[in-house]
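As recorded in Swiss-Prot, the features of this protein are as follows:
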- CYS265-CYS290: disulfide bond (DISULFID)
- CYS267-CYS283: disulfide bond (DISULFID)
- ASN110: N-linked glycosylation site (CARBOHYD)
- 59-291: topological domain 'Extracellular' (TOPO_DOM)
- 38-58: transmembrane segment (TRANSMEM)
Amino acid sequence: MVREQYTTTTEGTHIQRPENQCVYKIGIYGWRKRCLYLFVLLLLIILLVNFALTIWILKVMWFSPTGMGHLRVTKDGLRLEGESEFLFPLYAKEIHSRVDSSLLLQSTQNVTVNARNSEGEVTGRLKVGPKMVEVQSQQFQINSKDGKPLFTVDEKEVVVGTDKLRVTGPEGALFEHSVETPLVRADPFQDLRLESPTRSLSMDAPKGVHIKAHAGKIEALSQMDIIFQSSDGMLVLDAETVCLPKLVQGTQGPAGSSQRLYEICVCPDGKLYLSVAGVGTTCHEHSHICL
């Protein structure tokens, strides 16, 4: 409030003019002043609350000059100590654990690792789920510590690079198509069975098929015929004793039967040949085949 007072007198007279007072009011008064104070007080309260929340967040998140919590920012990248949980996809060029500990990736549902090209398309995927492990790629390969391929799979073939492939299941191995291998053998003192329940079983090799049993016997069982056929060579039974225990015994036929009979003859080197049967042996007459 400004108050101005003007008093004038005239020389030689004692008459005093009436006092002239002018009052000017400058400022905010009334409800406006109260609202202004209330607004300023509200701003101070909000400022204090924000400052307290900032201090609380810094304390809870363990912010420090080197990082946040277990997350440390180094010149080589980011370093996490302890267990970490990612709620959204993680994009990284390289992930490795400490020298003295292993790397563990764990999820309640599945763990998926994707490889993308420059256009963002998935070119390779590894998915570990609760019931299966799925690999989606053009080629899947497992190498040894020295870089040697141990197991390779693509659309055309499966290659096992180890010296030995061992199947320990009670039902063995089931192959729907052909198998190419230089050697098939069982474990020591175990039986080797090659079986085709509903179809035929064929073994082919350009330089021969060798079947050996060093400490046991070899059995070939068939409900129908067993045929041994050699187109250019011979069938050799190299044994001290050859037994045919279940040959059918012949019966006496009518006299003068025109049925032709043969006898089996043996050369000194073990070769067998047939000779027309007669009243006596005729092997000597046809022995020129042994020459």
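Just so you know, glycine gets a Cβ as well, placed from its N, Cα and C.
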CYS283 (disulfide bond) CB neighbourhood, other CB atoms within 10 A: 17
Inter-residue C-alpha distance, ASN110 (N-linked glycosylation site) and CYS283 (disulfide bond) (nearest angstrom): 80
Cβ-Cβ neighbours of the residue listed as 'N-linked glycosylation site' (radius 10 Å): 13
Mean of the pLDDT scores, which run from 0 to 100, over the topological domain 'Extracellular' (59-291): 81
Per DSSP, three-state class assigned to CYS267 (disulfide bond): coil
Among CYS265, CYS267, CYS290, the most crowded of the disulfide-bonded residues [Cβ within 10 Å]: CYS265
Distance [Cα-Cα, Å, rounded] between CYS267 (disulfide bond) and CYS290 (disulfide bond): 6
C-alpha spacing of CYS283 (disulfide bond) relative to CYS290 (disulfide bond), in angstrom: 11
CYS265 (disulfide bond) to CYS283 (disulfide bond) - Cα separation in whole Å: 6
Where ASN110 (N-linked glycosylation site) falls in three-state DSSP terms: coil
